[in-house]
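J.: Sharing the feature lines straight out of Swiss-Prot:
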BINDING   15, 85, 86, 136, 249  sn-glycerol 3-phosphate binding site
BINDING   15, 16, 17, 271, 314, 318, 415  ATP binding site
BINDING   15, 19, 271, 314, 415, 419  ADP binding site
BINDING   85, 86, 136, 249, 250  glycerol binding site
């Protein structure tokens, strides 16, 4: 049995910040440290990060969480990584430096290119990758960098470039450049991975004109990849720690919520909103605008999921605060929403960077419908929170159709899961029970569980289940006819934003 004074260290690299968390054997979070990094918007629809800044902030969070907790690096059993997916970095193998900023998952610069493929090609890509051709995924971002950064194609030809999503970049840096790997969940989100062979796909590489030699080796989500370099924690500290997990953030939340059985669903409310349902070892093809994705993997097995990705969720609340300036902070939104009824039927469609699942419309843009002279700030705040729910419900409804079964319970996490108004409205609209765990750090816990299983810190899923505690459960308070009326208004509103950019140009 592992010593109880040993801990798991998880690096949670998100869209706006890098975090480090220390977990004990009972699943308690001992300490958390967070460092924000800069968002770059060089052109309309473009979103970039500085990969060096990401590394520096992640390393800073790692060192600070150890200092803050008083835990020595020698007490860390192993390190796991969970990360924002799809964000693409290409760096020079000889210098270790990026040749361009990391292009973020939200970036839309390749939207026009994604419209150039014929129906047969789109179907081939979906069949092989489980995904659709969309700017969201890494493949078109990688192509853009290779095509637009001077000399990039030549350097790739000479074998001097390396591509990775953020997990690969961090593992490379943490190991001092010794290890160049990714995991099944992150690899699959590139558009370059075959979900049937669980390897890079030559046809997809050819389609996007991406050389195989720049790609990392694919490993499972739960195994030892290598060790941290000497001096990572401080100049005099030569401790080397195992890196034993890598998993995309949404898949990590699914595992952290212990949705380990087929049909179990989790909803994460972060910058975007991401809904996954476990389909076990079965690859389920969606006919309703969802993605087939890898849920998680071990050395001997790969598990799959259906996923719906909503581009704007918590970011809509940031928009209320930072752009419209009608709330001072996110916490206030719950109070404002409770001040008014929904009888004015105001709808906000926050498609600021297009619509994700199940619509997949890169040319939609945000809109507010149903305004009249009586509309107040409270109505707009309420409608913005409701929009997060409506978008999540569109995905849940598609899952019901693809799975051909009801979804009666889903587990929630993420910052907005603390908003009781939003969670009750989610239960109402989806006509399902909503369960929120006491430990809201489910994304970090998923990676921690993966690490623990890899190194024997936890023996099996039954041990993991003992760490899960429920904070609250909510059940629907509206009837189905009432809900149907509200959803009808949402459907009209969202459809009126379709193809907006295309139609006005």
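The backbone N, Cα and C atoms fix where each Cβ goes, glycine too.
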J.: Using a 10 Å cut-off between Cα atoms, which of these binding-site residues sit near residue 250 (glycerol binding site): 15, 16, 85, 314?
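T.: So far as Cα distances go, the binding-site residues lying within 10 Å of residue 250 (glycerol binding site) are 85.
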J.: Residue 16 (ATP binding site) to residue 249 (sn-glycerol 3-phosphate binding site): how many Å between their Cα atoms?
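T.: Per the Cα atoms, residue 16 (ATP binding site) and residue 249 (sn-glycerol 3-phosphate binding site) stand 13 Å apart.
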J.: Using all protein chains shown, find which of the binding-site residues 15, 16, 17, 250, 271 scores highest when you count other CB atoms within 10 A of its CB.
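T.: Of 15, 16, 17, 250, 271, the one with the most crowded Cβ is 250.
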J.: By CA distance, which of the binding-site residues (85, 86, 136, 318) lies nearest to residue 419 (ADP binding site)?
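T.: Nearest in space to residue 419 (ADP binding site), counting only the binding-site residues, is 318.
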J.: In the structure shown, which of the binding-site residues 318, 419 has the fewest other Cβ atoms within 10 Å?
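T.: Counting other Cβ atoms within 10 Å of each of the binding-site residues 318, 419, the minimum falls on 318.
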J.: Under 8 Å Cβ-Cβ from residue 86 (sn-glycerol 3-phosphate binding site), six or more apart in the same chain: what's there?
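T.: Listed in sequence order: 105, 136, 137, 138, 141, 165, 189, 190.
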J.: Please report the Cα separation of residue 318 (ATP binding site) and residue 15 (sn-glycerol 3-phosphate binding site) in Å, rounded to an integer.
T.: 14
J.: Would you mind pulling the DSSP three-state label for residue 136 (sn-glycerol 3-phosphate binding site)?
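T.: Note: residue 136 (sn-glycerol 3-phosphate binding site) is coil by DSSP, not helix or strand.
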J.: Looking only at DSSP and grouping its letters into three states, which state does residue 314 (ATP binding site) belong to?
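T.: SS state of residue 314 (ATP binding site) = helix.
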J.: If you count the other Cβ atoms within 10 Å of each Cβ, which of the binding-site residues 19, 85 comes out on top?
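T.: That would be 85, with the most Cβ atoms nearby.
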